[in-house]
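Enquirer: Dropping the structure in here first, questions after.
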Amino acid sequence: MLPSQTLLHTAVLALAVLQAFASDTFIAAVYEHAVILPDATAEPVSPEDALALMNRNMDVLEEAIKEAAQQGAHIIVTPEDGIYGWRFTRETIYPYLEDIPDPAVNWIPCTNPTRFARAPVQERLSCMARNNSIYVVANIGDKKPCNSSDPGCPSDGHYQYNTNVVFDSEGKLVARYHKYNLFMSETQFNYPKEPEAITFETPFGKFGIFTCFDILFREPAVVLVSELQVDSVLFPTAWMNVLPFLTAVEFHSAWAMGMGVNFLAADTHYTNMSMTGSGVYAPDGARTYYYNMKTEDGRLLVAELDSHPRPSPASLPAVNWSSYALSVGRFSPNEYDFGGLIFHDWFTFTELTKREGNLSVCQKDLCCHLSYKMAGKQEDEVYVLGAFDGLHVVEGQYYLQICTLLKCKSTDPSTCGQPVEMAQTKFEMFSLSGTFGTNYVFPEVLYSGVQLAPGEFEVLNDGRLLSKTRPTKPVVTVTLFGRWYEKD
């Protein structure tokens, strides 16, 4: 048989095996890990000391992986920075890095650890997966040598990448992803030369993977879903929560709903940096989630998901996010509008001065419309309708269109937009819409105490976000968070 025929035969056989064992549902797990951090140092530690620290974290992760497997999980996601933490310079992180090969080499580190350069972390992760018959997703660091023939080669002669790896239930390395959108503090890592769109097939669906800050950008996040049609996204993250609408559980649940995919988000747990918030999310809402700013405990989350949650293109019409808002025009003029900052962005606000009514507020090309009825408004609580249409330029540049109903921190209008977790006012109904210029809009409802509202609201095909329960729980914010990638 010719080599090309052999490869074709192997591919067909692999696909047949996947189809034979295909399942309509699977059990997903994520683990929020309270990372054991290294001591801050200006000098690199020895490789032995680096491995000792990583083994302490992997001891914790291994227990979580065993428990997930015992609960029937097919795959588990662990956090970004979950094996060695942060507090690094380019030089001090180097002892923690390993050379991670391309998964095309067909390697099981657990059974063949000496095939490539010494890689004790990959070997141990591989064995965790193999010994527990579970897919394991972890975040580690990759190093790649380079030389002067490469004009982009760093002066120290190697690239360093923030990297996700996936080992299948046999312990084989099946995916490697280099983070493309680095957060501003990640100076220890290099940017990949090109964005990577990494997918892999399993008996329980097609998966894609990216890391933390990547979620706010078209590449790789939107490419994986809209072009490569993955069923589920794996998401190691070290997410620093930003209320009122960039809290981890809130935004990640909204992203899963807006993109129509499963989303497995594992956050690091470190309350000193507002890091918490993990979940297993489906397109219809959170199946399970965890948010805890009071203790330093880790948490394992396990839930069942549909293997192929995406509807067929003909089964449901797509949401036209501006249809309703454009049809109603602007509601009656407000007595006054005022400005306020949310996460460095200047919003236009108008206050909900009555217990029920219709309001509009506009900024540039975005007009946000709200119909509402409160259920016993608390006199010491102020709510506003806000609009933002512009380029966010603080820790990155990305264009936003946001319509939001939110509770202010106090009765002083200057506090509107500041972080708030608690509320008392309930709503008999709300309907929020906007004249969005983008189809990528993510619906969020956050109740008092950072509680999500799965199944308690819906999005109509004309772009309205509607409440379904009467009355709601106390509302912190109702938001349509739009990303206009073409204007970045």
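The backbone N, Cα and C atoms fix where each Cβ goes, and this holds for glycine too.
Sharing the feature lines straight out of TrEMBL:
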ACT_SITE  E80  active site, proton acceptor
ACT_SITE  K179  active site, proton donor
ACT_SITE  C212  active site, nucleophile
DOMAIN    40-307  domain 'CN hydrolase'
SIGNAL    1-22  signal peptide
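Tell me about the setting of these features in this model.
Expert: Proximity of E80 (active site, proton acceptor) to non-local residues of its own chain (separation of 6 or more, Cβ distance below 8 Å) is seen for N139, N162, T211, C212, P236, T237, A238, T268, given in sequence order.
Residue density at K179 (active site, proton donor): 25 other Cβ atoms are found within 10 A of its Cβ, drawing on all protein chains shown.
The Cβ neighbour count for C212 (active site, nucleophile), using a 10 Å radius and every protein chain shown, is 26.
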